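Have a look at the structure below, then the notes.
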Amino acid sequence: MKETGTTTVKRGMAQMQKGGVIMDVANVEQAKIAENAGAVAVMALERVPSDIRAAGGVARMSDPAMIKAIMAAVTIPVMAKVRIGHIAEARILEAIGVDYIDESEVLTPADDNYHINKNDYKVPFVCGCRDLGEALRRIGEGASMMRTKGEPGTGNIIEAVRHMEKVNEQIGHVKVADPDQLMTISRDLKAPYELVKQVHDLGKLPVVNFAAGGVSTPADAALMMNLGADGIFVGSGIFKSENPAKFAKAIVTATAHPTDYALIAKVSEHLGKPMKGIDISTLTEDQKMADRGI
Amino acid sequence: MKIGVLALQGAASEHLDILTACGVTARPVKEQPDLTGLDGLVIPGGESTTMRKLLVREQLLSPIKALVQQGFPIFGTCAGLVLLAQPESLDGLNGTVVRNGFGRQRESFETALTVKGWSKPYHGIFIRAPYLSEVNQPAEALVTLTDGQIVAAQQGNVLVTSFHPELTLDKRFHQYFIDQMVAKRSDQVS
């Protein structure tokens, strides 16, 4: 008897992505560039986060035809995004067979009360988090993979750093806490007790945690890996740079060898201009994607 | 006894943990010098396309291929099976590999497996897994599914599985690799 859609195969798929780079791509040509550079997966979406910021309006799930064309063009896994809480978009992506669904704050939220009950799906989900409580709520809903949110489309690493440090600092706190304190920690984090207990016992999240939202250079990728990320999502950083193929390959190398600084120096030479980037302090509250769906 | 785990990308830490639980010294392999002094090598699950590109970039493909030809013990799971079965990659097993043979992630599955010569079933975890449509002498199938797909095989000191023993707590495949391949070869060499 074959059993599909189990927690083990959904979380296991993310474990196979560790040490790798998942790249946002907007068409078949970009997907092929990403695959050739050594991406472990591509995220198919019509507009990368910096373009979503620029365009304004409502950002929705991408055209299924565009996602299917990318699925046909590459052999690596293909992920795609749905709006937070949009169960119909999620079922549509499941129906076309994407390998991972990102319930993402980059798109305009569809529900400001509830996230999707991700346990109900055969396809695994990745969700964003800014702290441990948020991560454990999403895992409680069935997320099989986490990524720290950062601030998408800014090309600015500071929010990704803040979120990764926060999650890891809180994990460290839970790990050394007395078992008698775990219920109070669960209350304070607004996180399920069983998952707090699991983090206490394991000393880490029960799922893989990548870094996202602001990675735009090989050095940024190495920084996030050194802060404890299991891998890297790059959104606008590659295809908004001057030389996408070179940037993509260099970021893959830096992610695989995050402490080999001589090598990272070598691959960082003559890359050309990275994406322009935005100072976070210039964003108004409603321009911050990380505060959506917490 | 020292066993390396290729750690360019994928589920390397899971293999390091289970090897350590088997009582051997396990260490990650990221560049050529890391291959020195090893008695065996594990190639983990991950993205085979990515792993192959990194092997070429790090100039590790040829040295590992040379080790395979010398009869060095190598255990490949999932992406590791793909690389060991591809003639253009590591060329360690005489068979035909079908990548993502069971379909996309939605079709990933778990199932009980019957392993040739083992009395108790083994729990197989298949994630976008490959399979071997055929193996030819001197390769030998160890696990064949009811519809004919070969999901574990051996050829001399090369052991491959389509599924992920590193995601279970069952040490039997790793122990088999250690006892039947790594330990025996160490005895011969010394």
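Using the three backbone atoms N, Cα and C, a Cβ is placed for every residue, glycine included.
Just so you know, TrEMBL annotations never went through curation; they're auto-generated.
What TrEMBL says about this protein:
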- B:G46, B:E47, B:S48, B:R99, B:I127, B:R128: L-glutamine binding site (BINDING)
- B:C78: active site, nucleophile (ACT_SITE)
- B:H164: active site, charge relay system (ACT_SITE)
- B:E166: active site, charge relay system (ACT_SITE)
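Within its own chain, B:G46 (L-glutamine binding site) has B:L8, B:Q9, B:G10, B:A11, B:C78, B:A79 as residues 6 or more apart in sequence whose C-beta sits under 8 angstroms from its own.
In this entry, L-glutamine is bound by B:G46, B:E47, B:S48, B:R99, B:I127, B:R128, whose most widely separated C-alpha atoms sit 13 angstrom apart. Neighbour counts were taken at the CB atom with a 10 A radius for the recorded positions B:C78, B:I127; the maximum falls on B:C78. Using CA atoms as reference points, the binding-site residues B:E47, B:S48, B:R99, B:I127, B:R128 were checked against B:E166 (active site, charge relay system), and the closest is B:I127. For B:S48 (L-glutamine binding site), the same-chain residues 6+ apart in sequence whose C-beta sits under 8 angstroms from its C-beta are B:C78, B:A79, B:V82, B:L83, B:R99, B:P130. According to DSSP, B:R99 (L-glutamine binding site) is assigned to coil rather than to any helix or strand. Checking the binding-site residues (B:E47, B:I127, B:R128) against B:H164 (active site, charge relay system) with a 10 Å Cα-Cα cut-off leaves B:I127. In the three-state DSSP scheme, B:S48 (L-glutamine binding site) is classed as helix.
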